């Protein structure tokens, strides 16, 4: 019987999902992206060679693994084809391994222009988007005026839908934001070029997943961003435009929820956030700087510096609840190696009230003071450790405390960026 695992970020994204997905795809017939777009940045390091992926699933470097992009993903054709060409330049047959849902909404130049214009207009109140058109593309999907991959292969239908779409968005660009309009003919010609390139890679993703399961092959569902950026459950409005939680693996691919057997939450040993929004455990001192330097906390997609802070067990408990987490993968443990004392947030003091669960709304969270417990650090190297018993005693105690506070077992520990720098305590595919 096929066993299917969902991998999600359990914080504000950037938890190290790409490495873990690459590691686990050794056991799978296919890996599938189910939400987000090329605002994701998944970094893989294999035998010292780094590969950064934005749209293509992180299993693409594994021979014999099919990589699927589900209907929940918003697709920027230019970004996808650029990524394909980069992989082919490294000898990876990306076109052979990749299949794309015809129902994927397209990100077009008008979406990028709108995204950037809106963010600029917000000034100091900006959300911190990547400016890649993700939000406007999802808006068009929900409003039922979006253009999908399937539309590329019907010129007259494409031209009619594109004309209507640009009439709408150009009005806003010109008369509200005072920006230049997007040229219809230029976008149409680009889309027709994309059609020729994409056609061989388009397939019914739900049917492919069913065929893999019927053949007894395991599946891996790769989430992007993180739980606390979910459009419904995150720190709204400082969130992304898609559902980033495990439930989206079903709606974003066409698989039934009963076929999702194990949910692995990827979790840094500390906390980071990029862009705007509340961050109770943020450290704006030398420890925060140390975490950023040792963790190389710069976005793989935007290059922006990430904000760093202590581990937040309150937020993680909510992520565990929303996702029904089966296990945790703790990443970047080695970043904490030099610290004498480690702090874990176990509650928020908001005025006279102590919250031990995540308060509703970003506004309330911004006014909370974190309540901590302190644990001794280990001040010795964990970099590259591959066996649990080889970790320092205090490192093991720290991980066990996280298990206790969150109520979810630690299944995997990452001790470095390379695929092999990993401790596997519980293989999700053997536990599913």
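Each Cβ is built from the backbone N, Cα and C atoms, and glycine gets one as well.
Taken from Swiss-Prot, the feature GTP binding site covers 13-19, 41-43, 306, 332-334, 414-416.
Marked as IMP binding site by Swiss-Prot on the basis of sequence analysis: 14, 15, 16, 17, 39, 40, 41, 42, 130, 144, 225, 240, 304. In three-state terms derived from DSSP, residue 41 (IMP binding site) belongs to neither a helical nor a strand segment and is classed as coil.
Per Swiss-Prot, the feature Mg(2+) binding site maps to 14, 41; the stated evidence is sequence analysis. In the three-state DSSP assignment, the secondary structure recorded for residue 14 (IMP binding site) is coil.
All protein chains included, residue 14 (IMP binding site) registers 27 other Cβ atoms within 10 Å of its own Cβ. If you look up Swiss-Prot, you'll see 14 marked as active site, proton acceptor, on the strength of sequence analysis.
The active site, proton donor feature in Swiss-Prot is assigned to 42.
Take the CB of residue 305 (substrate binding site) and look out to 10 A: across all protein chains shown you find 12 other CB atoms. The substrate binding site feature in Swiss-Prot is assigned to 300, 301, 302, 303, 304, 305, 306.
Cα to Cα, residue 14 (IMP binding site) and residue 305 (substrate binding site) are separated by 12 Å. When other Cβ atoms within 10 Å of the Cβ of residue 130 (IMP binding site) are tallied across all protein chains shown, the result is 22. Taking CA atoms as the reference points, residue 333 (GTP binding site) and residue 306 (substrate binding site) are 17 Å apart.
Between the candidate binding-site residues, 13, 16, 41, the densest Cβ environment within 10 Å is the one around 13.
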